[in-house]
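Listed in TrEMBL:
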TRANSMEM  6-28  transmembrane segment
TRANSMEM  48-66  transmembrane segment
TRANSMEM  78-102  transmembrane segment
TRANSMEM  162-180  transmembrane segment
TRANSMEM  192-211  transmembrane segment
TRANSMEM  242-261  transmembrane segment
TRANSMEM  282-307  transmembrane segment
TRANSMEM  347-371  transmembrane segment
TRANSMEM  392-412  transmembrane segment
TRANSMEM  418-438  transmembrane segment
TRANSMEM  445-464  transmembrane segment
TRANSMEM  523-548  transmembrane segment
Amino acid sequence: IGRFSVWDYVVFAAMLLVSTVIGIYYAFAGGGQKTSKDFLMGGRSMTALPVALSLAASFMSAVTVLGTPAEVYRFGAIFSIFAITYTLVVLCSAEIFLPVFYRLGITSTYEYLELRFNKYLRFCGTVLFIIQTASKLQSTSTLYTGIVIYAPALALNQVTGFDLWGAVVATGVVCTFYCTLGGLKAVVWTDVFQVGIMVAGFSSVIIRAVVVQEGIGRILNDSYYGGRLNFWDFNPNPLQRHTFWTIVLGGTFTWTGMYGVNQSQVQRYIACKTRFHAKLSLYINLVGLWVILVCAVLCGLALYSIYKDCDPWTAKQISAPDQLMPYLVLDILRDFPGLPGLFVASAYSGTLSTVSSSINALAAVTVEDLIRPYFRSLSEKKLSWISMGMSLFYGGVCIAMAALASLMGALLQAALSIFGMVGGPLLGLFALGILCSFANGVGAFMGLMFGFAVSLWVGIGAQIHPPLPERAMPLSLSTAGCNISILSNFTSPTKNPLTTLLYTQAKEHTRPVLADNWYSLSYLYFSTLGTLVTVAVGIVISLLTGMWQLQLCTPKKFALDTVCRTRTFYMKRTFYMTKKVEVLNWKPFTLAAEGTDNPAFSHVEMKVSGNKDKVNGLPI
């Protein structure tokens, strides 16, 4: 295979340079970052299209560029069923969570937890987010950003000889630079540029593969006879890694935790100038997710068509599946100087977009949840400078975590899977507050603790006793067409590889009963389990600690209802009390007319301001 040329390095450097220039521009455009809201929320003036592209870019991390094609190559195109999952996720996020968060005008999603429950739950949510380390399909945070920086650098280094630590440091420094100077606007607009680079990198590989294989028909034909077009598997077994049900049901919960309540995503779409633009950004983003998914699946099928008779992984030409895409790029694009560099730039664009959203989100929750509430005398200008300082700090932490990732090995993989379980209980906590209006602080806290405990239980168990290989159902790979004499000369330029964080081998020892049942649950159900346990326990505890008082709805600002009544039960007698609730105007700007019609109460309207002695037309 080929090696990197000067032109490849030029293309990669140009990507970093343009990203830096965008950060410098937004550091000074419009008078700079005058307040913390300007820095963290872009002055709440963003429009739908750039935010949508930014959301899509953050989804498409380097793990997607390198890992998803390898996933399709090994397990088939059933991964494309995630298109249905993404649709359900965007619908839930746009119609359930977005209206509440946008109406409140908050900066940190965890502010909602104090408004809805109490400040202790807000603190718990903030701390969990900051320390959270997520799996590849979950939210981003400090340790995960270290993996996002280091893992693709190592995968590319082992195949291309691309300088490992030069790439790690350059990526981390550039990302920290434009995040610190330009704030959210720089993050969003660099994402717009980077998503173009990523699609261009994918497209170059797909087009060249079609030419090499003499048409897309041959790629699809090879994939069909190789069993890779396995779109529909309706096996209801929750222990099987990927089926229609695990992807649609489990994937919906997993990704809703990302798009619905995770700070790094929510922060961007609530920075839009209107709620219409915020919703529109999610739906445009859905189209972007579909495009990215199609590109990744086509790359995976092209991988199989080209290497169906000589699998580079089995033949020891590469040391891990996530090196398949770099290997393919140098194989089929070696005669086109600059194109391998474009693919590397696309992988690192995914890294930059994911890490930049993490840095900005971490700065936001630190300033809004840990600094502003306890230092109320700080001016907006000082908070703006503090926000920049926190971005610089977290950028340095991410680079340090990349160095740590190079040393921790298998221990790090265990930490990734275990702490990735945090996403499910957090989603359950927000769902409890928004959908269950009678839930109280005690129930929410106990639900969070139980959900977290169950998630850690199954997560730790799955690490100690990994599922058997037949649960993943990898498809067959062949080396029948390999030239063994050439293979014996291949050596990897980097020793002690740590690239793939997704594949483990089951140890041969006595397995307990739970190992092949409870601990073998599909990884997509981990988040689902945490969410459902949190909600179920929260409901039960709330009812038990509510003194038999069932609040039928919460104020419009904190849930999806508009009218509040309380039904109180006294043994076998039941009577109704109707109480007037004055909703606080948390929105810092004028709300558009939304109507007060509430079908849950026979279309009666609540007019508090216009009729102070009546509620819903009834005297009090």
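Residue numbering: from 1, along the chain as shown.
Every residue, even glycine, has its Cβ placed from backbone N, Cα and C.
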Contact call for the transmembrane segment (418-438) and the transmembrane segment (445-464): at least 3 Cβ pairs under 8 Å, seq gap 6+: yes
Surrounding residues of the transmembrane segment (347-371) on its own chain - C-beta under 8 Å, 6+ positions past either end: 12, 15-16, 19, 36, 40-41, 54, 57-58, 60-66, 106-108, 110-111, 122-123, 126, 129-130, 140-142, 144-145, 148-149, 152, 156, 167, 171-172, 174-176, 178-179, 183-184, 187, 190-191, 193-195, 197-198, 201, 262-265, 267-268, 378, 383, 386-387, 390-391, 394-395, 398
Listed stretch, out of 48-66, 162-180, 242-261, 445-464, 523-548, that has the most CB pairs under 8 angstroms to the transmembrane segment (192-211): 48-66
Touch test for the transmembrane segment (78-102) and the transmembrane segment (6-28), at least 3 Cβ pairs under 8 Å: no
Any contact, the transmembrane segment (162-180) to the transmembrane segment (523-548), with at least 3 Cβ pairs under 8 A: no
Closest-packing stretch to the transmembrane segment (445-464), where packing means Cβ pairs under 8 Å, from 48-66, 242-261, 282-307, 523-548: 523-548
Interface present between the transmembrane segment (242-261) and the transmembrane segment (523-548) (three or more C-beta pairs under 8 A): yes
